[in-house]
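Report on the structure given below.
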Amino acid sequence: MLDIKLIRENPELVKNDLKKRGELEKIKWIDEILKLDAEWRAKLKEINKLRHERNKIAIEIGKRRKKGEPVEELLAKSKEIVKRIESLEKEVEELKKKIDYYLWRLPNITHPSVPIGESEEDNVPIRFWGKARVWEGHLERFLEQSQGKMEYEVLEWRPKLHVDLLEILGGADFARAAKVSGSRFYYLLNEIVILDLALIRFALDELIKKGFTPVIPPYMVRRFVEEGSTTFEDFEDVIYKVEGEDLYLIPTAEHPLAGMHANEILDGKDLPLLYVGISPCFRKEAGTAGKDTKGIFRVHQFHKVEQFVYSRPEESWEWHERIIRNAEELFQKLEIPYRVVNICTGDLGYVAAKKYDIEAWMPGQGRFREVVSASNCTDWQARRLNIRFRDRTDEKPRYVHTLNSTAIATSRAIVAILENHQEEDGTVKIPKVLWKYTGFKEIVPVEKKERCCSS
């Protein structure tokens with residue numbers, strides 16, 4: 001939610017930012033907000049003036065009663081003032097509702113470094129890491145997508161897609177999951193289950209070392225938390241509601257972590273608050289018909305380890321760089337080649353002022369795919385959830401800034417590991433950093449093994 005003071009003092013900045021985002025229909029909202037706000041403030045001023053007048057009359061009534069003088073005329077006048085105040089208060093309340101309707105539906109103000117664009121095609125790669133394995137048939141596309149800034153090894157054999165590897169390795173059952181739950185669900189099996197859990201513990205351990213407090217949040221939250229954390233459109237496209245309850249299944253641990261300190265004034269000395277949340281995530285994926293229908297890349301349910309930061313406003317941009325670097329370090333240790341992308345205005349979403357994605361190179365698919373998103377939401381969520389801080393009790397509270405980043409979404413990390421660490425025969429080598437968590441160094445095709453996890 002935007003600060004009404006920003007709109008009052010710099011409406012052109014807000015209009016220009018909406019233009020950058022391609023939200024042309026909402027530009028006219030700013031003039032409407034200013035008009036409503038002027039009416040609201042004028043009526044508040046009138047209310048305060050009437051209250052002052054009523055107080056003066058009350059004092060005069062007291063004086064007259066002491067003297068035994070008549071007060072009927074003053075009492076009648078006081079009653080008229082009370083009626084007028086009550087009427088104005090209703091008008092003020094209605095005006096506030098109208099203003100809030102607009103404020104709650106305006107996107108965050110973008111950072112100057114966010115590239116202007118219309119879609120994901122306009123996102124800007126800013127750095128690359130790792131040595132990619134590239135099938136010769138994908139080489140031209142890889143060179144274009146990597147801008148010639150990545151090392152690579154050309155493969156004469158064609159790498160398999162993760163969905164085919166899962167079948168070869170006995171790692172998932174999609175047919176039975178579809179029977180039980182429908183599309184975009186899965187049973188994970190055998191070593192892939194161990195790999196999923198290993199990724200969670202690996203990411204958790206790495207972030208605890210960096211000072212993050214581990215949290216298993218509630219998997220369901222009330223509507224006010226979702227309204228405070230995300231946009232209203234997500235209620236239709238992303239979020240599952242529990243029928244008959246004021247509860248929603250979380251699409252990410254970000255949301256319960258954002259709501260954790262709702263309606264609180266934090267002690268400034270405790271900032272930044274660093275949390276690492278571990279949870280399942282539930283998503284409708286309503287707007288993705290036809291995309292990634294096979295496999296585990298885009299599914300209704302998955303596990304995720306999430307970084308969440310409450311920071312001082314003046315420190316949030318530094319923390320944004322830190323949390324994306326934290327995620328990069330995880331993927332470097334998993335030996336996954338990737339690029340970091342600065343998300344453009346048209347693909348940014350409403351909540352973030354700036355967002356980075358990590359896109360892992362997927363040899364089977366022959367393209368980079370998103371595995372991490374890291375956002376600085378500045379005070380957009382904090383205003384909606386009323387999360388403030390102060391350094392002294394006599395100081396006016398200020399809104400915190402909130403930031404979030406994927407550490408690891410296990411399903412997508414598994415896709416990246418399978419496609420990047422596969423051998424020609426379908427064997428998948430486990431990244432060395434995970435050995436102590438998995439207890440095995442590779443996963444071999446079903447036809448080559450007797451049972452799960454045998455040495």
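Just so it is clear, glycine is given a Cβ too, placed from its N, Cα and C backbone atoms.
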Further binder of L-serine named by Swiss-Prot next to T252, A253, E254, E306, taken from the candidates T378, T393, T406, T410
T406
Which single residue out of V276, V299 does Swiss-Prot record at the ATP site shared with R283, K284, E285, E370, V371, V372, S373?
V299
Counting only other Cβ atoms and using a 10 Å cut-off, which of the binding-site residues V299, V372 scores lowest?
V299
The sparsest Cβ environment within 10 Å, among the binding-site residues E254, E306, E370, is found at E370
Most Cβ neighbours inside 10 Å, all chains, among the binding-site residues A253, V371:
A253
T406 (L-serine binding site) has how many other Cβ neighbours within 10 Å of its own Cβ?
27
Within 10 Å of R283 (ATP binding site) (Cα basis), scanning binding-site residues A253, E254, E306, T406, I find none
